[in-house]
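*Asks:* Take this structure, written in structure tokens, and hold onto it; I'll ask about it next.
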Ligand SMILES: NC(=O)c1ccc[n+]([C@@H]2O[C@H](COP(=O)([O-])OP(=O)(O)OC[C@H]3O[C@@H](n4cnc5c(N)ncnc54)[C@H](O)[C@@H]3O)[C@@H](O)[C@H]2O)c1
Ligand SMILES: CC(C)[C@H](C(=O)O)[C@@H](O)C(=O)O
Ligand SMILES: [Mg+2]
């Protein structure tokens, strides 16, 4: 077990609930550092709406430099209603996309895990969700998000974006998906729209070719529309799902239904110069500043940071085990408190973070690195 790890972590809390949930993730990381004898150096900078207001840009050059100079970037969320009228390239979201591009991580890992104590939280039947454990590998630097040309031509009242992938872009993300599937249940589902899109035909042909290098991993292909339905009907049939940028964005939010809340989902983006860690959810303006946000997605994101940037697997598992225990003890933020069953205690963002932290302290103190997920 690696001990005494040094990590420079850039914290970009961002907008809306970003700062509230990120604060709890940082608490968890500080506990891991204190108890495990690690040295984590935290620096905070601005991104998104808060950076537009402070520095006139959603991605100030100082933030970008600090990100490239760090070992890992932990981001909360960006975006807010007051920016909705701005063109895409000047919105808070443009800062996030610019950061992703500059860091170069192309494989966005989005696990969606049915936590046993939350199976009655999902609107799906418990017998459908129980045991689901899906890892989405979302391609993050291609497709409609970055393809050129893109424009809204007001003269002709028309607008266009470009979905473009090269073979190499598909190969590299597919390899990550197969490598990870090899360590899990050895099944990759590739999701595309090859019945309509040339890009998807290239995607499918490339994934099929790469799969030959991984004979012990099964591959199947699904069209994205059917996949959206299968995810809700038979989530247990999925292991690793690899897909392009926009499909992955949509399907991973859909998969939040399996866990019971979007606030439960973490993510890690790997493969670039510096890994980027962000919960899957956004800035949630509807609940910002009210102590209602679920910090567990951000806290589980901190666990992914320890795993993928720190090589600190047992510390990552200690965080995951703490989340599991706190949920088993009945603590719920409002998004998870659908039923007021006995034993359920509704808590604020801060209280939830505190419960996880206290449990984490016990677990690490006792050297109990329980395998949580
Ligand atoms: N990574 C990011 O920074 C990121 C991701 C997604 C959306 N966004 C941005 O966030 C803004 C709001 O977008 P949206 O409302 O469509 O999506 P959202 O993810 O912010 O919220 C969708 C719904 O889920 C709820 N929710 C989200 N996170 C939650 C949490 N941690 N705890 C409890 N409930 C939670 C919200 O209250 C809302 O009802 C937009 O500007 C969007 O572009 C940013
Ligand atoms: C805010 C937006 C640019 C982002 C995306 O679409 O990638 C978000 O929805 C996400 O899922 O991380
Ligand atoms: Mg999204």
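Just so you know, glycine gets a Cβ as well, placed from its N, Cα and C.
All TrEMBL annotations are machine predictions without curation.
The structure displayed is predicted, hence computed values, not measured ones.
So TrEMBL lists the following for this protein:
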- 8-356: domain 'Isopropylmalate dehydrogenase-like' (DOMAIN)
- 100, 110, 138, 225: substrate binding site (BINDING)
- 145: site 'Important for catalysis' (SITE)
- 193: site 'Important for catalysis' (SITE)
- 225, 249, 253: Mg(2+) binding site (BINDING)
- 282, 283, 284, 285, 286, 287, 288, 289, 290, 291, 292, 293, 294: NAD(+) binding site (BINDING)
*Asks:* On a simple 10 Å Cβ count over all chains shown, which one of the recorded positions 100, 110, 138, 193, 290 is most densely packed?
*Replies:* 138
*Asks:* Which binding-site residues from the set 110, 138, 225, 249, 288, 294 have a C-beta atom lying less than 6 Å away from ligand 3?
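*Replies:* Cβ under 6 Å from ligand 3: 249.
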*Asks:* Taking the binding-site residues one at a time (249, 286), which has its Cβ surrounded by the most other Cβ atoms within 10 Å?
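*Replies:* Answer by Cβ density within 10 Å: 249.
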*Asks:* When you measure from the Cβ of residue 284 (NAD(+) binding site), which residues in the chain that are at least 6 apart have a Cβ under 8 Å away?
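*Replies:* The list for residue 284 (NAD(+) binding site) reads 16, 17, 77, 293, given in order along the sequence.
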*Asks:* What is the biggest Cα to Cα gap, in Å, among 282, 283, 284, 285, 286, 287, 288, 289, 290, 291, 292, 293, 294, the residues listed as binding NAD(+)?
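*Replies:* Across 282, 283, 284, 285, 286, 287, 288, 289, 290, 291, 292, 293, 294, the two farthest Cα atoms sit 15 Å apart.
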*Asks:* Tell me which residues of the chain lie with their Cβ under 8 angstroms from that of residue 294 (NAD(+) binding site), as long as they are six or more apart in sequence?
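*Replies:* Correct list: 21, 261, 263, 264, 333, 334, 335, 336, 349, 352.
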*Asks:* Around ligand 2, within a Cβ distance of under 6 Å, which of the recorded positions 138, 145, 249, 288, 292 show up?
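*Replies:* Near ligand 2, sequence order: 249.
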*Asks:* From 110, 138, 282, 286, 288, which binding-site residues have a C-beta atom under 6 Å away from some atom of ligand 1?
*Replies:* 282, 286
*Asks:* Can you tell which of 225, 253 has the most other C-beta atoms within 10 Å, given these are the binding-site residues?
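*Replies:* Within the set of binding-site residues, the most crowded position is 253.
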*Asks:* Would you kindly give the Cα-Cα distance separating residue 225 (substrate binding site) and residue 282 (NAD(+) binding site), rounded to the nearest Å?
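*Replies:* Computed Cα spacing between residue 282 (NAD(+) binding site) and residue 225 (substrate binding site) is 24 Å.
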*Asks:* If one measures from the C-alpha of residue 286 (NAD(+) binding site) to the C-alpha of residue 138 (substrate binding site), what distance in angstrom results, rounded to a whole number?
*Replies:* 27
*Asks:* Within 10 Å of residue 225 (substrate binding site) by C-alpha distance: pick out those among the recorded positions 145, 253, 288, 290, and say none if nothing qualifies.
*Replies:* none
*Asks:* Ten-angstrom check, please: count other Cβ atoms within 10 Å of the Cβ of residue 292 (NAD(+) binding site), all chains counted.
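*Replies:* Looking across every protein chain shown, the total is 18.
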